[in-house]
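Student: One structure, pasted below without further comment.
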Amino acid sequence: MSVETERSSTESSAASGLDFEDTALTLRLPGSLAAAAAPDPDRKRSSPSSSDAADAADNSSPLAAAADAPPAPKARVVGWPPVRSFRKNALAAKFVKVAVDGAPYLRKVDLEAYSGYDQLLRALQDKFFSHFTIRKFADDERKLVDAVNGTEYVPTYEDKDGDWMLVGDVPWKMFVETCQRLRLMKSSEAVNLAPRAAQ
């Protein structure tokens, strides 16, 4: 039976045009010649200086020099790789985390989406609608007040230096550039945070 399998394997290899040497696993690159990949063990290596001189003589023609030159760098196509619009918008946005004293969760707010402090306060009221309402006081000041127990909350922010400041102390653009995160503190805890103008 083994004779029959050998015949069938040789017949199939003859039919496909491949013999054992073509399909054998070796350490040479596919398609390279077997004689070039397997040097004769009795043959001595040539010295590198003599082979360099022979290569230099062969490369004297301009066609050979052009073939050995590295390929020119490819020009980068404008707009490639494609960047999705939501990634572009995400890079342009300035998200900061908002923490509320007594709330076990944080929210994120995009400061670039608002044009002033009033819009930011309304957005904070919307984010934490179960907690706060905005009340106007006699001196035309708006404050966030807890709807359940009447506790006042003061919006504060951490700047790039790590200092906690009151929201509204600086112009809006400067606030957007320097704000790292927001915190709505109870007004009783925010006593030490005085406006810069008062200091």
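Each residue, glycine too, has its Cβ placed from N, Cα and C.
According to Swiss-Prot, the protein has these features:
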{"type": "COMPBIAS", "residues": "47-69", "note": "compositional bias 'Low complexity'"}
{"type": "DOMAIN", "residues": "93-187", "note": "domain 'PB1'"}
{"type": "REGION", "residues": "31-74", "note": "region 'Disordered'"}
{"type": "MOTIF", "residues": "25-29", "note": "motif 'EAR-like (transcriptional repression)'"}
Student: Count up the helix, strand and coil residues in the motif 'EAR-like (transcriptional repression)' (25-29) according to DSSP, in that order.
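Tutor: Each residue of the motif 'EAR-like (transcriptional repression)' (25-29) counted once, the result is 0 helix, 0 strand, 5 coil.
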Student: So how many of the residues in the domain 'PB1' (93-187) end up helix, strand or coil by DSSP?
Tutor: 21 helix, 37 strand, 37 coil
